[in-house]
Amino acid sequence: DPCYEVCLQQHGNVKECEEACKHPVEY
């Protein structure tokens, strides 16, 4: 999932990324 990949690269927080990527998110 691109959202998840980008989130992990930028934040490195798996739990946060899982939550964030359930919904449209802007980075």
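Glycine residues also receive a Cβ, built from the backbone N, Cα and C atoms like all the rest.
Partner cysteine of CYS3, as given in Swiss-Prot, is CYS21 (from among CYS17, CYS21, disulfide bond). Less than 8 angstroms from the CB of CYS21 (disulfide bond) sit ASP1, CYS3, TYR4, CYS7, each of them six or more residues away in the same chain. Other Cβ atoms within 10 Å of the Cβ of CYS17 (disulfide bond), summed over all protein chains shown, number 21.
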